[in-house]
Amino acid sequence: MATAQLQRTPMSALVFPNKISTEHQSLVLVKRLLAVSVSCITYLRGIFPECAYGTRYLDDLCVKILREDKNCPGSTQLVKWMLGCYDALQKKYLRMVVLAVYTNPEDPQTISECYQFKFKYTNNGPLMDFISKNQSNESSMSSTDTKKASILLIRKIYILMQNLGPLPNDVCLTMKLFYYDEVTPPDYQPPGFKDGDCEGVIFEGEPMYLNVGEVSTPFHIFKVKVTTERERMENIDSTILSPKQIKTPFQKILRDKDVEDEQEHYTSDDLDMETKMEEQEKNPASSELGEPSLVCEEDEIMRSKESPDLSISHSQVEQLVNKTSELDMSESKTRSGKVFQNKMANGNQPVKSSKENRKRSQHESGRRVLHHFDSSSQESVPKRRKFSEPKEHI
């Protein structure tokens, strides 16, 4: 039994490099971060069935990793897309991956939710500016700091995906790849992709923009952003967002300090995991988060071997993640276990579905937000930049 356990653990472990001193080690980390992020998002948003995922361990965290499955053509297709991303990433062409969710199979340009993964390649070696905007000091990025940031980013994604309102039952996926045009050959296309013909998208409803987090290595910067409908944020635990950002109106737009040269704008609702932990240390009973479905029983064994390099302690994780066994299972819920109460109108009549409300509000106000991922406000006519889209949608 002990031998079997020792043999199983290395096979199922998803290990981030303990030392990042070469560009190859950094590339391995960024690829794995992208894989874990996409897998976490698609799993907790219920896009693919359970059979499309395998179990892996990320230090003390049990995660589900997307895999090819003959019974799930969609997951197989997404894995192929990811391989195309890896090709562009390895060549240092890839600037941004946009994974978008849409509801009308005939209209993939009108999306309901999207996830942006941005990549930067640095030439400064191990010296880079990773301090806040108010502190311009440069400091060496240690492997320990990178690993902590990686674990923290994955945990932030978990928390957000658990608390967002559910997606419609039937959704489709598409992916757009954007490049650094100055170094990317005009005729380059990753495996499984073709030249895109529609750079912008139309967002259903009122979009909310969230900066989830980033990870820096001596050679790469990896950043994750999420755009979702405002109504999916209505039931989110407000303590997840930093107090400073909560006070800011939803309509207030702030410039993303890391991409000012691209003139991209995001609202100020950044996830603040550190603030959430501090509040729960003072008042542990205030947490209302459910336990991720990604955490299986074997994870309790892994927790006893927790690495000292983790960005948050075991006790903080326990305060952050609560059991969901006592929740009312008759209510609607997401795969993560988060329960959403059905709103009632006129005392006992359920309100119309969110999709019906969305269509009605769009008809009344004409609000369908056109979003260009790569346009500059300084240009009267936005410059068309090279991008790719899949040969086949999911």
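Each Cβ is built from the backbone N, Cα and C atoms, and glycine gets one as well.
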Range annotated as motif 'Nuclear localization signal' - as stated in Swiss-Prot, picked from 103-106, 123-126, 383-386: 383-386
For the motif 'Nuclear localization signal' (383-386), the mean pLDDT of the predicted model: 61
